[in-house]
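Visitor: The structure under discussion is supplied below as structure tokens; questions concerning it will follow.
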Amino acid sequence: MNNEAEKILADKNIKPTAMRILVLKELLLQSDAVSLYDLEQKFDKVERTTLFRTLNTFVENSLIHKIDDGTGAVKYALCEKDCTCELKDLHLHFLCTKCGRTFCLKDIPIPSFQLPDNFVFETANFVIKGVCPHCHK
Ligand SMILES: [Zn+2]
Ligand SMILES: [Zn+2]
Ligand SMILES: [Zn+2]
């Protein structure tokens, strides 16, 4: 598993430090997006600032992407292998109103659109709210 994490980091041109491998391994175990707070709970002795810096490095290198699901806490999820986090790579996200988990709907790209003149695109958050399969029983 260490090797897998190291390879993923190398693929994204990120230097594989012990800390980065540790954080990536944790992210690989997640099935939904995690907040900085969620991650902090998983490590005993890791400073929040260190964790935050590590996540930022991952974001800058398109290893993970940030999701603003409207809950106030930014969440993070792993990107696809060839993701460059451009408009073409963006997908829908799903926020479960029962359990509060946020999922990547990687197979559903955000709808294409044409902005009116003089509006410059920066980023988009497409968040669907509803009940996830775990809670819908
Ligand atoms: Zn991405
Ligand atoms: Zn749920
Ligand atoms: Zn996502």
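All residue numbers here begin at 1 and follow the chain in the order shown.
Even glycines carry a Cβ here, placed using N, Cα and C.
The Zn(2+) binding site annotation in TrEMBL covers Cys96, Cys99, Cys132, Cys135.
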Visitor: Rank the binding-site residues Cys96, Cys132, Cys135 by how many other Cβ atoms lie within 10 Å of each Cβ and give me the one with the fewest.
Guide: Cys135
Visitor: Please give me the CB contact count at 10 A for Cys99 (Zn(2+) binding site), counting all chains in the structure.
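Guide: Neighbour count, Cβ to Cβ under the 10 Å cut-off: 12.
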Visitor: Which residues, same chain and not among Cys96, Cys99, Cys132, Cys135, have a CB within 8 angstroms of the centroid of the CB atoms at the recorded Zn(2+) site?
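Guide: Once Cys96, Cys99, Cys132, Cys135 are set aside, the remaining close residues are Thr97, Lys98, Gly100, Arg101, Val131, Pro133, His134, His136.
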Visitor: Going by DSSP, give the three-state secondary structure for Cys96 (Zn(2+) binding site).
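Guide: Its secondary structure by DSSP: strand.
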